[in-house]
(Lines of atoms letter the chains of each structure in order from A and count residues from 1; the text may use other names and numbers.)
(Lines give C-alpha, C1' and ligand atoms only; values in the text may rest on other atoms or scores of the structure.)
Protein backbone atom coordinates (compact mmCIF):
# COMPACT_ATOMS: atom_id res chain seq x y z
CA UNK A 1 0.00 0.00 0.00
CA UNK A 2 1.43 3.40 -1.00
CA UNK A 3 1.47 5.74 2.00
CA UNK A 4 2.68 8.62 -0.15
CA UNK A 5 0.77 11.82 0.36
CA UNK A 6 -0.39 13.68 -2.76
CA UNK A 7 1.70 16.44 -4.28
CA UNK A 8 0.23 19.80 -3.20
CA UNK A 9 0.66 23.27 -4.65
CA UNK A 10 -0.82 26.45 -3.19
CA UNK A 11 -2.84 28.73 -5.43
CA UNK A 12 -3.67 32.39 -4.86
CA UNK A 13 -6.17 32.89 -2.01
CA UNK A 14 -9.59 34.20 -2.87
CA UNK A 15 -12.67 33.56 -0.78
CA UNK A 16 -14.70 32.52 -3.82
CA UNK A 17 -11.99 30.22 -5.22
CA UNK A 18 -14.29 27.19 -5.29
CA UNK A 19 -16.92 28.97 -7.43
CA UNK A 20 -14.25 30.72 -9.51
CA UNK A 21 -12.70 27.43 -10.63
CA UNK A 22 -15.87 25.35 -10.61
CA UNK A 23 -17.71 27.83 -12.86
CA UNK A 24 -15.42 26.67 -15.69
CA UNK A 25 -16.08 22.99 -14.90
CA UNK A 26 -19.77 23.09 -13.98
CA UNK A 27 -20.93 21.74 -17.37
CA UNK A 28 -18.68 18.64 -17.21
CA UNK A 29 -20.36 15.37 -16.22
CA UNK A 30 -18.92 14.22 -12.86
CA UNK A 31 -17.78 17.73 -11.90
CA UNK A 32 -18.70 18.09 -8.23
CA UNK A 33 -18.49 20.80 -5.59
CA UNK A 34 -18.88 20.48 -1.83
CA UNK A 35 -19.35 23.99 -0.45
CA UNK A 36 -19.43 25.36 3.09
CA UNK A 37 -21.92 28.04 2.05
CA UNK A 38 -19.99 30.97 3.60
CA UNK A 39 -21.99 30.04 6.70
CA UNK A 40 -21.20 31.49 10.11
CA UNK A 41 -20.95 27.95 11.43
CA UNK A 42 -18.20 25.91 13.11
CA UNK A 43 -18.35 23.29 10.34
CA UNK A 44 -18.04 25.79 7.46
CA UNK A 45 -14.31 25.42 6.91
CA UNK A 46 -13.66 23.62 3.61
CA UNK A 47 -14.86 23.76 0.00
CA UNK A 48 -13.86 20.86 -2.27
CA UNK A 49 -13.80 20.87 -6.10
CA UNK A 50 -13.35 17.72 -8.20
CA UNK A 51 -13.85 16.73 -11.86
CA UNK A 52 -12.53 14.18 -14.38
CA UNK A 53 -12.72 11.05 -12.20
CA UNK A 54 -10.41 8.10 -12.93
CA UNK A 55 -13.34 5.76 -12.28
CA UNK A 56 -17.12 6.06 -11.73
CA UNK A 57 -19.65 3.89 -9.91
CA UNK A 58 -23.37 4.16 -10.69
CA UNK A 59 -26.04 2.04 -9.02
CA UNK A 60 -29.51 1.62 -10.51
CA UNK A 61 -31.63 -0.78 -8.47
CA UNK A 62 -29.70 -4.03 -8.02
CA UNK A 63 -26.91 -3.29 -10.52
CA UNK A 64 -23.76 -1.25 -10.03
CA UNK A 65 -21.69 -0.29 -13.08
CA UNK A 66 -18.00 0.42 -12.50
CA UNK A 67 -16.47 2.41 -15.41
CA UNK A 68 -12.68 2.72 -15.59
CA UNK A 69 -11.24 4.23 -18.80
CA UNK A 70 -12.57 1.86 -21.52
CA UNK A 71 -13.56 -0.92 -19.11
CA UNK A 72 -17.13 -1.34 -17.79
CA UNK A 73 -18.02 -3.96 -15.18
CA UNK A 74 -21.55 -4.68 -13.94
CA UNK A 75 -22.13 -6.33 -10.56
CA UNK A 76 -25.05 -7.06 -8.22
CA UNK A 77 -22.81 -7.04 -5.12
CA UNK A 78 -23.40 -4.64 -2.20
CA UNK A 79 -22.64 -1.17 -3.73
CA UNK A 80 -20.66 0.05 -0.71
CA UNK A 81 -18.61 -3.15 -0.74
CA UNK A 82 -17.88 -2.57 -4.44
CA UNK A 83 -16.90 1.03 -3.64
CA UNK A 84 -14.54 -0.13 -0.90
CA UNK A 85 -12.94 -2.67 -3.26
CA UNK A 86 -12.33 0.08 -5.85
CA UNK A 87 -10.76 2.32 -3.17
CA UNK A 88 -8.59 -0.56 -1.94
CA UNK A 89 -7.52 -1.37 -5.50
CA UNK A 90 -6.16 2.16 -5.94
CA UNK A 91 -3.58 1.16 -3.31
CA UNK A 92 -3.21 4.73 -2.01
CA UNK A 93 -3.33 5.45 1.74
CA UNK A 94 -1.89 8.90 2.50
CA UNK A 95 -1.31 9.84 6.12
CA UNK A 96 -4.01 11.84 7.92
CA UNK A 97 -3.71 15.62 7.46
CA UNK A 98 -6.18 17.81 9.36
CA UNK A 99 -5.76 20.61 6.80
CA UNK A 100 -6.55 18.31 3.84
CA UNK A 101 -9.65 16.32 4.85
CA UNK A 102 -10.06 14.89 1.32
CA UNK A 103 -6.85 13.61 -0.28
CA UNK A 104 -8.48 12.09 -3.33
CA UNK A 105 -10.85 9.12 -3.21
CA UNK A 106 -14.60 8.69 -3.61
CA UNK A 107 -16.98 11.66 -3.81
CA UNK A 108 -20.61 11.86 -4.88
CA UNK A 109 -24.23 10.97 -4.19
CA UNK A 110 -25.69 8.20 -2.07
CA UNK A 111 -29.43 8.54 -2.79
CA UNK A 112 -32.11 7.65 -0.23
CA UNK A 113 -33.15 4.60 -2.26
CA UNK A 114 -29.68 3.08 -1.94
CA UNK A 115 -31.06 2.05 1.46
CA UNK A 116 -33.11 -0.58 -0.37
CA UNK A 117 -29.85 -2.51 -0.84
CA UNK A 118 -29.30 -2.72 2.93
CA UNK A 119 -32.89 -3.21 4.16
CA UNK A 120 -35.80 -5.16 2.66
CA UNK A 121 -38.44 -2.57 1.73
CA UNK A 122 -41.72 -2.63 -0.23
CA UNK A 123 -41.78 -1.21 -3.77
CA UNK A 124 -45.01 0.79 -3.73
CA UNK A 125 -43.91 4.39 -4.43
CA UNK A 126 -43.50 5.33 -8.10
CA UNK A 127 -39.93 5.61 -9.40
CA UNK A 128 -40.30 8.60 -11.72
CA UNK A 129 -36.85 10.26 -11.54
CA UNK A 130 -34.24 8.36 -13.55
CA UNK A 131 -31.18 9.28 -11.52
CA UNK A 132 -28.85 6.65 -10.03
CA UNK A 133 -29.31 5.48 -6.43
CA UNK A 134 -25.54 5.93 -6.10
CA UNK A 135 -23.33 8.10 -8.33
CA UNK A 136 -19.75 8.29 -7.09
CA UNK A 137 -16.51 9.25 -8.81
CA UNK A 138 -13.02 8.20 -7.76
CA UNK A 139 -10.80 11.28 -8.04
CA UNK A 140 -7.00 11.38 -7.94
CA UNK A 141 -6.95 15.16 -7.50
CA UNK A 142 -8.92 17.87 -5.70
CA UNK A 143 -8.96 21.59 -5.03
CA UNK A 144 -9.39 22.32 -1.29
CA UNK A 145 -10.37 25.83 -0.15
CA UNK A 146 -9.74 26.34 3.57
CA UNK A 147 -11.73 29.30 4.94
CA UNK A 148 -10.02 29.05 8.33
CA UNK A 149 -6.42 29.20 7.11
CA UNK A 150 -7.25 31.23 3.98
CA UNK A 151 -5.51 28.78 1.65
CA UNK A 152 -6.32 27.26 -1.73
CA UNK A 153 -4.57 23.89 -2.17
CA UNK A 154 -4.44 21.85 -5.36
CA UNK A 155 -3.51 18.25 -4.63
CA UNK A 156 -2.89 15.37 -7.02
CA UNK A 157 -1.58 11.80 -6.94
CA UNK A 158 -0.37 12.33 -10.51
CA UNK A 159 1.32 15.33 -12.13
CA UNK A 160 0.06 18.24 -10.04
CA UNK A 161 1.54 20.87 -12.38
CA UNK A 162 -0.23 19.30 -15.36
CA UNK A 163 -3.48 19.38 -13.36
CA UNK A 164 -2.91 23.05 -12.54
CA UNK A 165 -2.32 23.83 -16.22
CA UNK A 166 -5.51 21.92 -17.11
CA UNK A 167 -7.51 23.74 -14.43
CA UNK A 168 -6.29 27.18 -15.50
CA UNK A 169 -6.84 26.43 -19.20
CA UNK A 170 -10.56 25.71 -18.71
CA UNK A 171 -12.65 28.40 -20.38
CA UNK A 172 -15.70 29.96 -18.79
CA UNK A 173 -18.52 29.61 -21.30
CA UNK A 174 -21.54 31.84 -20.59
CA UNK A 175 -24.69 29.76 -20.08
CA UNK A 176 -28.35 30.65 -20.38
CA UNK A 177 -29.80 32.14 -17.18
CA UNK A 178 -31.85 29.76 -15.06
CA UNK A 179 -35.61 30.46 -15.24
CA UNK A 180 -38.65 28.61 -13.96
CA UNK A 181 -41.14 28.09 -16.79
CA UNK A 182 -44.05 27.02 -14.55
CA UNK A 183 -45.32 27.51 -11.00
CA UNK A 184 -44.36 25.07 -8.26
CA UNK A 185 -46.90 22.27 -7.77
CA UNK A 186 -47.08 19.75 -4.93
CA UNK A 187 -47.49 16.02 -5.46
CA UNK A 188 -50.40 16.06 -2.98
CA UNK A 189 -53.30 18.36 -2.10
CA UNK A 190 -53.86 19.70 1.41
CA UNK A 191 -56.62 17.09 1.83
CA UNK A 192 -54.35 14.25 0.68
CA UNK A 193 -51.65 15.38 3.12
CA UNK A 194 -54.28 15.30 5.88
CA UNK A 195 -55.30 11.75 4.96
CA UNK A 196 -51.67 10.59 5.03
CA UNK A 197 -51.05 12.41 8.33
CA UNK A 198 -54.01 10.59 9.90
CA UNK A 199 -52.76 7.25 8.54
CA UNK A 200 -49.41 7.94 10.23
CA UNK A 201 -51.26 8.75 13.46
CA UNK A 202 -53.06 5.40 13.27
CA UNK A 203 -49.73 3.59 12.95
CA UNK A 204 -48.32 5.59 15.88
CA UNK A 205 -51.29 4.96 18.18
CA UNK A 206 -51.31 1.24 17.37
CA UNK A 207 -47.69 1.03 18.55
CA UNK A 208 -46.37 0.25 15.07
CA UNK A 209 -43.90 3.11 15.16
CA UNK A 210 -43.13 6.14 17.32
CA UNK A 211 -42.01 8.66 14.70
CA UNK A 212 -42.48 8.85 10.92
CA UNK A 213 -41.07 11.51 8.60
CA UNK A 214 -43.79 12.40 6.04
CA UNK A 215 -42.92 14.61 3.06
CA UNK A 216 -44.51 16.37 0.13
CA UNK A 217 -42.64 17.05 -3.12
CA UNK A 218 -42.76 20.25 -5.18
CA UNK A 219 -42.14 20.25 -8.91
CA UNK A 220 -41.71 22.88 -11.65
CA UNK A 221 -40.32 23.10 -15.18
CA UNK A 222 -37.31 25.26 -16.04
CA UNK A 223 -34.87 26.33 -18.72
CA UNK A 224 -31.26 27.44 -18.46
CA UNK A 225 -28.20 26.52 -16.44
CA UNK A 226 -28.67 24.78 -13.08
CA UNK A 227 -25.27 26.04 -11.88
CA UNK A 228 -26.58 29.62 -12.12
CA UNK A 229 -29.49 28.61 -9.88
CA UNK A 230 -27.10 27.06 -7.36
CA UNK A 231 -24.96 30.21 -7.20
CA UNK A 232 -28.04 32.28 -6.38
CA UNK A 233 -29.31 29.82 -3.74
CA UNK A 234 -25.90 29.27 -2.16
CA UNK A 235 -25.36 32.98 -1.53
CA UNK A 236 -28.78 33.35 0.09
CA UNK A 237 -28.99 30.17 2.17
CA UNK A 238 -25.51 29.92 3.69
CA UNK A 239 -25.81 26.23 4.49
CA UNK A 240 -22.63 24.52 5.76
CA UNK A 241 -23.18 21.28 3.78
CA UNK A 242 -24.06 22.71 0.37
CA UNK A 243 -23.16 20.87 -2.83
CA UNK A 244 -23.54 20.93 -6.61
CA UNK A 245 -23.19 17.66 -8.52
CA UNK A 246 -23.23 17.50 -12.31
CA UNK A 247 -24.27 13.95 -13.18
CA UNK A 248 -24.64 12.44 -16.65
CA UNK A 249 -28.44 12.50 -16.31
CA UNK A 250 -28.97 15.84 -14.51
CA UNK A 251 -27.83 18.01 -11.61
CA UNK A 252 -28.20 17.98 -7.82
CA UNK A 253 -28.34 21.35 -6.00
CA UNK A 254 -28.05 20.90 -2.24
CA UNK A 255 -28.37 23.59 0.45
CA UNK A 256 -28.15 21.23 3.40
CA UNK A 257 -27.72 22.45 6.97
CA UNK A 258 -27.23 18.90 8.29
CA UNK A 259 -24.18 16.73 8.72
CA UNK A 260 -24.88 13.01 8.48
CA UNK A 261 -21.60 11.35 9.51
CA UNK A 262 -18.05 12.62 9.83
CA UNK A 263 -15.22 10.14 10.37
CA UNK A 264 -11.98 12.03 10.91
CA UNK A 265 -8.94 9.95 11.86
CA UNK A 266 -11.34 7.24 13.16
CA UNK A 267 -13.25 9.77 15.33
CA UNK A 268 -16.96 9.56 14.43
CA UNK A 269 -19.45 12.44 14.71
CA UNK A 270 -23.10 12.68 13.65
CA UNK A 271 -25.35 15.72 14.16
CA UNK A 272 -29.04 14.91 13.61
CA UNK A 273 -31.48 17.82 13.20
CA UNK A 274 -34.95 17.31 14.65
CA UNK A 275 -37.06 20.32 15.57
CA UNK A 276 -37.71 23.41 13.44
CA UNK A 277 -39.28 26.85 13.87
CA UNK A 278 -39.21 29.70 11.31
CA UNK A 279 -36.98 32.75 11.88
CA UNK A 280 -38.82 36.02 12.65
CA UNK A 281 -37.87 39.49 11.30
CA UNK A 282 -37.88 41.20 14.73
CA UNK A 283 -34.65 40.25 16.63
CA UNK A 284 -36.36 40.09 20.04
CA UNK A 285 -39.22 37.96 18.74
CA UNK A 286 -36.69 35.78 16.92
CA UNK A 287 -34.76 35.21 20.17
CA UNK A 288 -38.01 34.19 21.86
CA UNK A 289 -38.63 31.77 18.98
CA UNK A 290 -35.23 30.13 19.63
CA UNK A 291 -36.05 29.78 23.36
CA UNK A 292 -39.46 28.34 22.47
CA UNK A 293 -37.81 25.68 20.31
CA UNK A 294 -35.22 24.88 22.99
CA UNK A 295 -38.01 24.32 25.54
CA UNK A 296 -40.46 22.49 23.26
CA UNK A 297 -41.23 19.13 24.90
CA UNK A 298 -42.48 17.73 21.57
CA UNK A 299 -39.35 18.73 19.64
CA UNK A 300 -37.03 17.49 22.40
CA UNK A 301 -38.87 14.15 22.43
CA UNK A 302 -38.57 13.88 18.63
CA UNK A 303 -34.88 14.78 18.77
CA UNK A 304 -34.18 12.27 21.54
CA UNK A 305 -35.82 9.45 19.56
CA UNK A 306 -33.44 10.10 16.67
CA UNK A 307 -30.43 10.46 18.99
CA UNK A 308 -31.24 7.01 20.39
CA UNK A 309 -31.67 5.61 16.86
CA UNK A 310 -28.33 7.08 15.68
CA UNK A 311 -26.53 5.85 18.82
CA UNK A 312 -27.84 2.40 18.03
CA UNK A 313 -26.90 2.57 14.30
CA UNK A 314 -23.37 3.81 15.00
CA UNK A 315 -23.02 1.41 17.94
CA UNK A 316 -23.33 -1.47 15.45
CA UNK A 317 -19.81 -0.74 14.18
CA UNK A 318 -18.18 1.58 16.78
CA UNK A 319 -15.67 0.54 19.44
CA UNK A 320 -17.71 -0.86 22.35
CA UNK A 321 -18.39 1.80 24.98
CA UNK A 322 -17.18 4.69 22.77
CA UNK A 323 -20.61 6.12 21.79
CA UNK A 324 -21.26 9.43 23.61
CA UNK A 325 -23.70 12.38 23.36
CA UNK A 326 -21.67 15.55 24.12
CA UNK A 327 -24.45 17.94 22.95
CA UNK A 328 -28.19 17.47 23.35
CA UNK A 329 -30.90 19.91 22.13
CA UNK A 330 -28.73 22.81 20.89
CA UNK A 331 -30.60 25.50 18.92
CA UNK A 332 -28.76 26.55 15.73
CA UNK A 333 -30.00 29.53 13.68
CA UNK A 334 -30.01 29.38 9.86
CA UNK A 335 -31.26 32.13 7.47
CA UNK A 336 -34.84 30.78 7.26
CA UNK A 337 -35.28 28.59 10.36
CA UNK A 338 -34.02 27.65 13.81
CA UNK A 339 -33.07 23.98 14.16
CA UNK A 340 -32.71 21.75 17.22
CA UNK A 341 -29.47 19.76 16.86
CA UNK A 342 -27.72 17.09 18.92
CA UNK A 343 -24.22 15.62 18.56
CA UNK A 344 -23.20 11.98 18.93
CA UNK A 345 -19.56 10.85 18.88
CA UNK A 346 -17.83 7.46 18.78
CA UNK A 347 -14.65 5.68 17.68
CA UNK A 348 -14.30 3.52 14.54
CA UNK A 349 -12.30 0.31 15.14
CA UNK A 350 -9.05 -0.03 13.19
CA UNK A 351 -10.20 -3.06 11.20
CA UNK A 352 -13.28 -1.28 9.77
CA UNK A 353 -13.62 1.31 7.00
CA UNK A 354 -15.73 4.46 6.75
CA UNK A 355 -17.88 2.57 4.21
CA UNK A 356 -18.85 0.08 6.96
CA UNK A 357 -19.98 3.00 9.11
CA UNK A 358 -21.97 4.53 6.24
CA UNK A 359 -23.76 1.23 5.58
CA UNK A 360 -24.58 0.69 9.28
CA UNK A 361 -26.35 4.05 9.57
CA UNK A 362 -27.77 4.62 6.07
CA UNK A 363 -30.09 6.39 5.40
CA UNK A 364 -29.95 8.84 8.31
CA UNK A 365 -32.55 8.32 11.02
CA UNK A 366 -33.43 12.03 11.20
CA UNK A 367 -35.24 11.76 7.85
CA UNK A 368 -36.94 8.40 8.33
CA UNK A 369 -38.33 8.13 11.84
CA UNK A 370 -38.08 5.33 14.35
CA UNK A 371 -37.86 2.39 14.41
CA UNK A 372 -36.09 3.07 11.12
CA UNK A 373 -37.09 0.13 8.92
CA UNK A 374 -40.78 0.28 9.90
CA UNK A 375 -40.78 4.05 9.30
CA UNK A 376 -39.23 3.50 5.84
CA UNK A 377 -41.94 0.94 5.01
CA UNK A 378 -44.65 3.47 5.96
CA UNK A 379 -42.91 6.22 3.93
CA UNK A 380 -42.88 3.97 0.85
CA UNK A 381 -46.58 3.27 1.33
CA UNK A 382 -47.70 6.90 1.86
CA UNK A 383 -45.39 9.10 -0.24
CA UNK A 384 -46.49 8.91 -3.92
CA UNK A 385 -42.95 8.84 -5.39
CA UNK A 386 -39.57 7.53 -4.34
CA UNK A 387 -37.31 10.07 -2.67
CA UNK A 388 -34.33 9.48 -4.98
CA UNK A 389 -31.48 11.93 -4.15
CA UNK A 390 -33.52 13.69 -1.45
CA UNK A 391 -32.84 12.47 2.11
CA UNK A 392 -29.82 10.49 1.00
CA UNK A 393 -26.27 11.79 1.48
CA UNK A 394 -23.63 13.71 -0.44
CA UNK A 395 -20.02 13.48 0.62
CA UNK A 396 -16.63 11.86 0.33
CA UNK A 397 -14.64 8.82 1.44
CA UNK A 398 -11.01 9.91 1.22
CA UNK A 399 -8.07 7.64 0.40
CA UNK A 400 -6.72 8.61 3.85
CA UNK A 401 -9.74 6.97 5.56
CA UNK A 402 -11.71 10.14 6.33
CA UNK A 403 -15.40 10.50 5.47
CA UNK A 404 -17.78 13.45 5.67
CA UNK A 405 -21.38 13.30 4.48
CA UNK A 406 -24.48 15.47 4.59
CA UNK A 407 -28.14 14.59 4.81
CA UNK A 408 -29.58 15.83 1.50
CA UNK A 409 -32.43 17.94 2.84
CA UNK A 410 -33.11 21.38 1.20
CA UNK A 411 -31.93 19.63 -1.95
CA UNK A 412 -33.18 20.02 -5.52
CA UNK A 413 -32.95 17.52 -8.35
CA UNK A 414 -32.90 18.95 -11.90
CA UNK A 415 -33.36 16.59 -14.82
CA UNK A 416 -34.70 16.98 -18.38
CA UNK A 417 -36.12 20.47 -17.77
CA UNK A 418 -37.90 19.44 -14.57
CA UNK A 419 -36.86 20.42 -11.05
CA UNK A 420 -37.97 18.75 -7.82
CA UNK A 421 -37.72 19.86 -4.19
CA UNK A 422 -39.17 17.98 -1.20
CA UNK A 423 -39.79 18.82 2.45
CA UNK A 424 -41.03 16.77 5.34
CA UNK A 425 -41.22 16.61 9.10
CA UNK A 426 -41.16 14.04 11.86
CA UNK A 427 -44.68 13.15 13.00
CA UNK A 428 -45.15 11.84 16.55
CA UNK A 429 -48.28 10.92 18.52
CA UNK A 430 -48.98 14.48 19.75
CA UNK A 431 -48.21 16.23 16.43
CA UNK A 432 -50.79 18.72 15.13
CA UNK A 433 -51.73 18.30 11.47
CA UNK A 434 -51.76 21.99 10.52
CA UNK A 435 -48.43 22.69 12.26
CA UNK A 436 -46.75 19.73 10.53
CA UNK A 437 -48.13 20.77 7.14
CA UNK A 438 -46.87 24.33 7.68
CA UNK A 439 -43.43 23.07 8.72
CA UNK A 440 -42.90 21.52 5.28
CA UNK A 441 -43.33 25.01 3.77
CA UNK A 442 -41.18 26.73 6.42
CA UNK A 443 -38.27 24.52 5.40
CA UNK A 444 -38.29 25.18 1.64
CA UNK A 445 -40.35 28.33 1.00
CA UNK A 446 -37.22 30.47 0.97
CA UNK A 447 -35.63 28.24 -1.69
CA UNK A 448 -38.75 27.92 -3.87
CA UNK A 449 -39.36 31.69 -3.84
CA UNK A 450 -35.75 32.54 -4.68
CA UNK A 451 -35.99 30.51 -7.88
CA UNK A 452 -39.23 32.27 -8.84
CA UNK A 453 -37.44 35.63 -9.03
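The backbone N, Cα and C atoms fix where each Cβ goes, and this holds for glycine too.
Features reported for this protein in Swiss-Prot:
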BINDING   36, 43, 44, 45, 46, 240, 241, 242  L-tryptophan binding site
ACT_SITE  258  active site, proton donor
ACT_SITE  274  active site, N6-(4-deoxychorismate)-lysine intermediate
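Shown here: features listed in Swiss-Prot, placed on the structure.
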residue	record	DSSP (3 states)
36	L-tryptophan binding site	coil
43	L-tryptophan binding site	coil
240	L-tryptophan binding site	coil
258	active site, proton donor	coil
274	active site, N6-(4-deoxychorismate)-lysine intermediate	strand
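Remark: residue 242 (L-tryptophan binding site) has 34, 35, 36, 37, 234, 254, 255, 256 as non-local neighbours, by Cβ distance under 8 Å and separation of at least 6 in sequence.
Annotation for the binding-site residues 43, 241: lowest Cβ count within 10 Å of the residue's own Cβ, 43.
Of the recorded residues, residue 44 (L-tryptophan binding site) and the residue listed as 'active site, proton donor' place their C-alpha atoms 12 Å from one another.
Comparing residue 46 (L-tryptophan binding site) with residue 258 (active site, proton donor), their Cα atoms are 15 Å apart once rounded. The two recorded residues residue 45 (L-tryptophan binding site) and residue 274 (active site, N6-(4-deoxychorismate)-lysine intermediate) have their Cα atoms spaced 23 Å from each other. Looking only at Cα atoms, the residue listed as 'active site, N6-(4-deoxychorismate)-lysine intermediate' sits nearest to 258 among the recorded positions 43, 240, 241, 258.
Within 10 Å of the C-beta of residue 46 (L-tryptophan binding site) we count 21 further C-beta atoms, all protein chains included.
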